[in-house]
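Peer 1: What follows is a single structure, and I will ask about it in a moment.
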Amino acid sequence: MNRLDHIGIAVFSIKDARSFYENVLGLAFLHQETVEEQKVNVAFFQAGSVKLELIEPLTADSPVHLFLEKKGQGLHHIAFLCNCLSEQLQALSDQHVQLIDRFPRQGANGKKIAFISPRETNGVLVELCEPKGDQHNEHE
């Protein structure tokens, strides 16, 4: 868990936000997908060795919709790669770290993901992600 993978930014509309990241910042658009389990659409951009993820809620009961209502658009989370998410979650649990997810769930790009409570991380939502087998060495 020593490498930053991506930074998640909550937006009301990917379509409206995309132009800034592509045309103003000059970031390369990678792809867009729907993550049904999270009730969001996401779009990824390459920013050096890190990706930016724009996150748009699909429904009013999406956690991202609730985040946007409470805090508005902006930084949603930072995500770190880990080799074995299940083992990492167990190690954190053994250290009494408060987790949002005790078990991995499905995220974008086929990754397994889990979140650490912001109460543990000075108010920052931290995501841990384990890439699919063929993505472990991506951008290294």
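The chain as shown is numbered from 1 upward.
Placed from the backbone N, Cα and C atoms, the Cβ positions cover glycine too.
Keep in mind the model is a prediction, meaning the values are calculated, not measured.
The annotation divalent metal cation binding site is assigned in Swiss-Prot to HIS6, GLU53, HIS77, GLU127. According to Swiss-Prot, the domain 'VOC' annotation covers 3-131, on the basis of sequence analysis.
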Peer 1: Can you check which residues sit near GLU127 (divalent metal cation binding site), meaning Cβ under 8 Å from its Cβ, same chain, 6 or more apart in sequence, and list them in order?
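Peer 2: In sequence order, the residues whose Cβ lies under 8 Å from that of GLU127 (divalent metal cation binding site) (at least 6 apart) are GLY8, HIS77, ILE78, ALA79, PHE80, GLY107, ILE113, ALA114, PHE115, ILE116.
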Peer 1: To see if you understand the setup: which same-chain residues, six or more apart in sequence, place their Cβ under 8 Å from that of HIS6 (divalent metal cation binding site)?
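Peer 2: Non-local contacts for HIS6 (divalent metal cation binding site): PHE44, VAL50, LYS51, LEU52, GLU53, ILE78, ALA79.
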Peer 1: Including all protein chains shown, what's the count of other C-beta atoms within 10 A of the C-beta of GLU53 (divalent metal cation binding site)?
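Peer 2: There are 23 such Cβ atoms around GLU53 (divalent metal cation binding site).
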Peer 1: Can you break down the domain 'VOC' (3-131) into helix, strand and coil residue counts using DSSP?
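Peer 2: Secondary-structure composition of the domain 'VOC' (3-131): 36 helix, 53 strand, 40 coil.
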Peer 1: With every protein chain in view, how many other Cβ atoms are within 10 Å of the Cβ of HIS77 (divalent metal cation binding site)?
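Peer 2: Taking every protein chain into account, the count is 21.
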Peer 1: An 8 Å radius from the center of the HIS6, GLU53, HIS77, GLU127 Cβ atoms defines the neighbourhood of the divalent metal cation site; name the other residues of that chain inside it, in order.
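Peer 2: Neighbours found: ASP5, ILE7, GLY8, ILE55, HIS76, ILE78, ALA79, CYS129.
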